[in-house]
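Read through the structure below, which is laid out as structure tokens, and then see the notes.
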């Protein structure tokens, strides 16, 4: 993938960049692997907003992705590389030898015509899926299962990868994209290689309208609201928030406040915590 730059014909194109889509080989999805997608626009079943700043955006159809990779021992050939509006990674259509078709996340540098296979005896090649116990130390993987048979849940975004760093007994240690080092059951499956479209993080939106196409609505600072709408609101002109630290619209501490349960079961599987976010609690920060 490359990044396309634009001449500043308008204010919206001055800073804008986008993908050149050079890796895309087909512009229409496989009909049998597409279904309608209802978008909740941030509302729950009662119509109450539970996730702010969602709504609008372009209509999408959902591509059914095979995160399970459970066609063991059946080879498949990469037929196409396609755009998926529901994720920043590309997807690849796989034609299996038994006639079935499935979409998978497109691994980096995998070309049309490449043969892939899943199973404990699969070769260590990019695009193949194996149990973690069969993957050599130092190997980069993606689409990692948290629970055997549940399907890949980790390292699925564009450019994401995890690394196998140790094996001991029934557990395998992986370093995740967040920097967290965590234990996994050795039976969990993962796919060899890195997710494609690695330049996705370097794209500049350029104008507000592109975010609206993605159903992302504007984010209003609490400090410019009225007191009835936000704890940071009110005051004459640009007033401080009047608290020891920033809070959410419902009065809960935010920006650096730990929300993970202290007695969560999976705590014992975490060897090293993820890197701390740059959004830490500071007096002048607004939410």
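First residue shown is number 1, and so on along the chain.
Any Cβ shown, glycine's included, is placed from N, Cα and C.
Look at Swiss-Prot and you will find 209-220, 258-287 tagged as compositional bias 'Basic residues'. Residues or ranges marked as region 'Disordered' in Swiss-Prot: 209-287.
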Residues of the region 'Disordered' (209-287) by DSSP state, where helix covers H, G and I: 13 helix, 6 strand, 60 coil
Positions whose Cβ lies under 8 angstroms from the compositional bias 'Basic residues' (209-220), at least six residues beyond its ends: 12, 16, 39, 41, 53-58
